[in-house]
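Trainee: First the structure, then my questions, so here it is.
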Amino acid sequence: MASVLLTRRLACSFRHNHRLLVPGWRHISQAAAKVDVEFDYDGPLMKTEVPGPRSRELMKQLNIIQNAEAVHFFCNYEESRGNYLVDVDGNRMLDLYSQISSIPIGYSHPALVKLVQQPQNVSTFINRPALGILPPENFVEKLRESLLSVAPKGMSQLITMACGSCSNENAFKTIFMWYRSKERGQSAFSKEELETCMINQAPGCPDYSILSFMGAFHGRTMGCLATTHSKAIHKIDIPSFDWPIAPFPRLKYPLEEFVKENQQEEARCLEEVEDLIVKYRKKKKTVAGIIVEPIQSEGGDNHASDDFFRKLRDISRKHGCAFLVDEVQTGGGSTGKFWAHEHWGLDDPADVMTFSKKMMTGGFFHKEEFRPNAPYRIFNTWLGDPSKNLLLAEVINIIKREDLLSNAAHAGKVLLTGLLDLQARYPQFISRVRGRGTFCSFDTPDESIRNKLISIARNKGVMLGGCGDKSIRFRPTLVFRDHHAHLFLNIFSDILADFK
């Protein structure tokens with residue numbers, strides 16, 4: 001399929017690269033690379049098992065005041081640098097998960113440290129304003145230097161938020177207001193609308209819906225949770241909305257061996273999208289918008305072809321639905337383009353696009369026609385954080401200056417090639433290797449083996465993340481280089497060789 005042609009090309013070239021199959025073959029040593037010792041370490045250093053004794057003690061203390069069962073270990077961020085995360089027991093790990101894909105240019109980047117230390121920036125970091133009513137003098141300037149400098153095609157409007165969930169939540173509200181405005185025309189709010197909205201009834205609160213996909217993750221607030229379908233524990237016991245849920249393609253790998261089957265699978269899913277839009281219109285729960293991730297991340301790193309997304313965009317236009325692309329995890333450069341949807345090759349890729357994580361702040365871009373028609377309709381106290389815009393402007397400068405998008409593409413190719421090698425040698429443990437840039441993943445036989453591999457890797461000095469039922473995902477920073485990929489591949493090759 002077109003969405004991950006790189007995987008196909010690498011798989012084909014791999015078949016001719018027999019040296020990768022030679023027993024004892026090693027990826028080139030990380031020692032051959034030039035390491036900036038002021039920013040990056042030269043490799044992992046493990047002193048205890050993870051979590052170590054200090055982490056376990058702190059976990060006990062935290063568990064007294066909140067459920068701390070999700071905590072992996074406690075970190076020493078003062079000592080963490082570049083691609084390496086250091087814990088409170090002194091263990092230094094190559095971090096290929098980067099705080100759930102949210103660290104853009106590594107830990108404690110010197111340029112960001114310098115920025116924070118500059119006297120003229122002190123007030124920005126200590127005075128957090130209510131941006132909707134009292135923004136600082138340089139607010140527009142910093143937005144232009146940061147977010148607006150990477151605005152996606154066709155979207156000139158921008159609203160900042162604090163996180164991915166509130167970005168999607170407010171994007172939903174924006175879509176609903178846009179849709180109702182289309183229906184209302186130039187008329188003002190009616191007296192009935194103003195009264196019924198206060199008691200959560202129509203017509204003031206119209207019964208619109210957002211179509212989402214099975215396997216999606218869009219956040220944990222009430223509206224977002226209605227479009228999140230990745231893990232039951234995220235949703236259980238919480239009331240939700242009757243909104244349509246379409247199947248997302250489940251592609252078969254290797255892609256070049258299942259072209260016809262995958263095309264049929266995508267066609268089936270697109271047909272179901274259209275059927276659901278029609279069905280919910282008849283139910284008087286009109287689909288006002290469609291939300292989709294360019295790569296379903298939390299749900300298992302599920303890919304679809306570029307053609308699938310182009311056709312999905314066409315469906316949204318045909319039925320008058322807003323098209324919302326959730327780039328919270330895929331945005332920021334890890335796929336080799338700043339926004340993953342750029343791979344689709346569309347001049348009009350979306351009506352609304354949300355972001356967070358690597359972007360340092362949350363928020364969403366949107367077209368002019370989605371602009372709220374009155375103040376306080378999309379609003380909260382902080383509406384983001386100017387200090388994050390300041391940091392992001394420097395992050396974007398570094399991405400451009402160091403050509404980190406090209407780096408993500410190249411280092412990702414090294415990583416993906418190595419994973420295909422490991423898949424060929426250890427098919428009993430690794431399958432469905434896939435990825436775009438460094439945004440890579442593979443499947444394991446089951447959840448138990450997946451979790452065991454992640455745990456062993458952590459104790460060998462490598463941080464990995466899980467997703468879906470049995471997948472391992474890679475979310476390194478943009479300063480993840482070829483030699484970091486080789487280092488990981490050597491360590492993980494040894495793990496697989498000894499795995500029982």
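Any Cβ shown, glycine's included, is placed from N, Cα and C.
Per Swiss-Prot, the feature transit peptide maps to 1-28; the stated evidence is experimental evidence. Swiss-Prot lists CYS163, CYS166 with the feature [2Fe-2S] cluster binding site, giving experimental evidence as the kind of evidence. Taken from Swiss-Prot, the feature pyridoxal 5'-phosphate binding site applies to GLY164, SER165, THR381. Residues annotated as substrate binding site in Swiss-Prot: ARG220. If you look up Swiss-Prot, you'll see LYS231, LYS252, LYS413 marked as N6-succinyllysine, on the strength of similarity to another entry. According to Swiss-Prot, the N6-acetyllysine annotation covers LYS252, LYS279, LYS318, LYS413, LYS452, LYS470, on the basis of similarity to another entry. As annotated by Swiss-Prot, N6-(pyridoxal phosphate)lysine applies to LYS357, with the evidence given as experimental evidence.
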Trainee: Mind checking which of LYS357, LYS413, LYS452 has the fewest other CB atoms within 10 A of its CB? They're the modified residues.
Mentor: LYS452
Trainee: What number of additional C-beta atoms lies within 10 angstroms of the C-beta atom of GLY164 (pyridoxal 5'-phosphate binding site)?
Mentor: 27
Trainee: Going by Cα-Cα distance, pick out whichever of the recorded positions ARG220, LYS279, LYS452, LYS470 is nearest to the residue listed as 'N6-(pyridoxal phosphate)lysine'.
Mentor: ARG220
Trainee: Check the recorded positions ARG220, LYS231, LYS279, LYS470 for other C-beta atoms within 10 angstroms of each C-beta and report the one with the most.
Mentor: LYS470
Trainee: Express the distance between the Cα positions of LYS279 (N6-acetyllysine) and LYS318 (N6-acetyllysine) as a whole number of Å.
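Mentor: Roughly 15 Å, rounded to the nearest whole number.
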Trainee: In whole Å, how far is SER165 (pyridoxal 5'-phosphate binding site) from the residue listed as 'substrate binding site' when you measure between their Cα atoms?
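Mentor: The Cα atom of the residue listed as 'substrate binding site' is 6 Å away from the Cα atom of SER165 (pyridoxal 5'-phosphate binding site).
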Trainee: Measuring Cα to Cα across GLY164, SER165, THR381, which the record gives as the pyridoxal 5'-phosphate binders, how far apart are the two most distant ones in Å?
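Mentor: Spelled out: the longest distance between any two Cα atoms in GLY164, SER165, THR381 is 16 Å.
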Trainee: Measure from the CA atom of CYS163 ([2Fe-2S] cluster binding site) to the CA atom of LYS413 (N6-succinyllysine) and give the result in Å, rounded to a whole number.
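Mentor: Here the two Cα atoms are 30 Å apart.
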Trainee: Count the Cβ atoms, other than its own, that fall within 10 Å of the Cβ of CYS166 ([2Fe-2S] cluster binding site), considering every protein chain shown.
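Mentor: So the number of other Cβ atoms within 10 Å of CYS166 ([2Fe-2S] cluster binding site) is 22.
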Trainee: Let's check the environment of CYS163 ([2Fe-2S] cluster binding site): how many other CB atoms sit within 10 Å of its CB?
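Mentor: A 10 Å sphere around the Cβ of CYS163 ([2Fe-2S] cluster binding site) contains 18 other Cβ atoms.
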Trainee: Here the modified residues are LYS252, LYS318; which one has the lowest number of other Cβ atoms no more than 10 Å from its Cβ?
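Mentor: So among LYS252, LYS318, the modified residues given, the one with the fewest Cβ atoms within 10 Å is LYS318.
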Trainee: What residue among the binding-site residues SER165, THR381 has the most other CB atoms lying within 10 A of its CB?
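Mentor: Sorting the candidates by Cβ neighbours within 10 Å, the top entry is SER165.
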